[in-house]
Amino acid sequence: MQFTGSPPSLESDPGGGGGRGDCYGRLPDSESYYRNSLKHGGPSRSHRRTSVNGYALAGAILASTNSILLGYDIGVMSGAALYIKEDLQISSTQEEILVGCLNIFSLIGSLAAGKTSDQIGRRYTILLAAATFFLGAILMGIAPSFPFLMAGRVVAGIGVGFSLMIAPVYSAELSPASTRGFLASLPEVFINVGILLGYISNYFLAGLPASLNWRVMLGLAALPALLVGFAVVFMPESPRWLVMKGRFAEAKRVLIKTSSSEEEVESVDSRVNEMVKASLDLPSNGPSWHELISPRSNAIRRIVIAAIGVNFFMQASGNDAVVYYSPEVFKDAGISSKRQLVGVTVIMGVAKASFALVSALFLDRFGRRPLLLLGSTGMAVSLALLGLGSKYLDQCQDDKPVWAIVLCIVAVCADVSFFSIGLGPITWVYSSEIFPMRLRAQGSSLAISVNRLVSGVVAMTFLSVSEAMSFGGMFLALSGVMVMASVFFYCYLPETKGKTLEEIGLLFEDQDDESRRLFVS
């Protein structure tokens, strides 16, 4: 615990000072209260409203701007790698290492981000992420050699790890329950905006000399990092982090500013008290990794499995690798011009970004499960068609039919679009909202570390495995992975739409038969 004794009464001491009072008397400490709340769709109908609070939206947008950095790197490397390979004379294996190492080293940032954000706060962790990536982008932009370029990607990767963990957690903790899906999915929207900006950068900078274009492409990533650094001073701190630190008056002020209805403003005292209760079992030295790796309760075990599972399948789907190596995929399909290759990737980026925004807008209306299952089954079908189309083109030597090339292009666009509808945004939302408050930062950190590890492994082996079994075989295998993912999501991921962060944990507890039906409602 970060505070001692009884938490102060918010009614008797509006300033949030150290007085003792009737705070515990107002805590909804009955298990039946929460269970009845879940059965009736939540404690307040105000949570069902869809209006977005401007203050919360601005904070989530500024936090999510960091995610542009990862998206831009994914998009720009798909084109920059072509010119790096030509300029620095590197092999395909070195290209895989160059592309994938950023994801591997983002493990360091994502693992460190949980403890760091609990200690210095969510806001300053966002600043740390931006500063680290800014340094990495500068190093990549001035890199005179392959080892120097690798060093820049290592530093940038650590920044990406911090950013991927903290942006959705901050957005989820700042957001009202009624709009949390939309605001916590903004990091994925911004990742896709970054990917699109990377593709556009590739297209317009491709005409520069090969020794210069890729350096400009990579160095431009420093600009959004600089923007985030300046924007942090205008961002509010997470109210739940403030409660953990005993700063109740500040938490109350933030909650009032981020409320989306009069009912939510009137219930601020009770909402803070719920947060206080959720933080009461926080050990004095903070949460331990042991509780996550070897959980004692069934509820925590199910939460960890759900969070790790959705993050594993997000990257095992091969989406990042498809985006990174899309020029190689399209080249294998029969498109030879570098300019045309980059142009097709721009079309793919537009589709990917558009569907990410559509998903974010409808996530709080339709819920997590329906969109996640739609996205994963759509990806399975799209990858199967892409695999079959690629297999057919492999049989054609010189005269490749246009319809088969078009099929492959459409299938790739469909694959990334279904990813943007389901796994893309919902992974970040789910990882940031299902852990209890005392474990949220480190739990998200663990889940996203798995995400980064799998992404790095897939990115660093995609070309080698595809050369061994062909692109067609690779895509058919990924289709099978998405079938397994759909089964996992259906069986293990409950619906969290409209629930407060303090209520969600009950969905994973051992309950009676009637409550169990809520698990998949």
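Any Cβ shown, glycine's included, is placed from N, Cα and C.
As given in TrEMBL:
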COMPBIAS  1-13  compositional bias 'Low complexity'
REGION    1-22  region 'Disordered'
TRANSMEM  55-77  transmembrane segment
DOMAIN    59-497  domain 'Major facilitator superfamily (MFS) profile'
TRANSMEM  97-114  transmembrane segment
TRANSMEM  126-144  transmembrane segment
TRANSMEM  150-170  transmembrane segment
TRANSMEM  182-200  transmembrane segment
TRANSMEM  212-235  transmembrane segment
TRANSMEM  303-326  transmembrane segment
TRANSMEM  341-363  transmembrane segment
TRANSMEM  370-390  transmembrane segment
TRANSMEM  402-431  transmembrane segment
TRANSMEM  443-465  transmembrane segment
TRANSMEM  471-493  transmembrane segment
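Mean pLDDT for the domain 'Major facilitator superfamily (MFS) profile' (59-497) in this predicted model: 84. By the Cβ criterion (under 8 Å, sequence separation of 6 or more), the transmembrane segment (402-431) is not in contact with the transmembrane segment (126-144), since fewer than 3 such pairs are found. Fewer than three CB pairs closer than 8 A are found between the transmembrane segment (97-114) and the transmembrane segment (182-200), and contact between the two stretches is not assigned (pairs 6 or more residues apart).
Most Cβ pairs under 8 A with the transmembrane segment (303-326) among the ranges 55-77, 126-144, 212-235, 341-363, 443-465 are made by 443-465.
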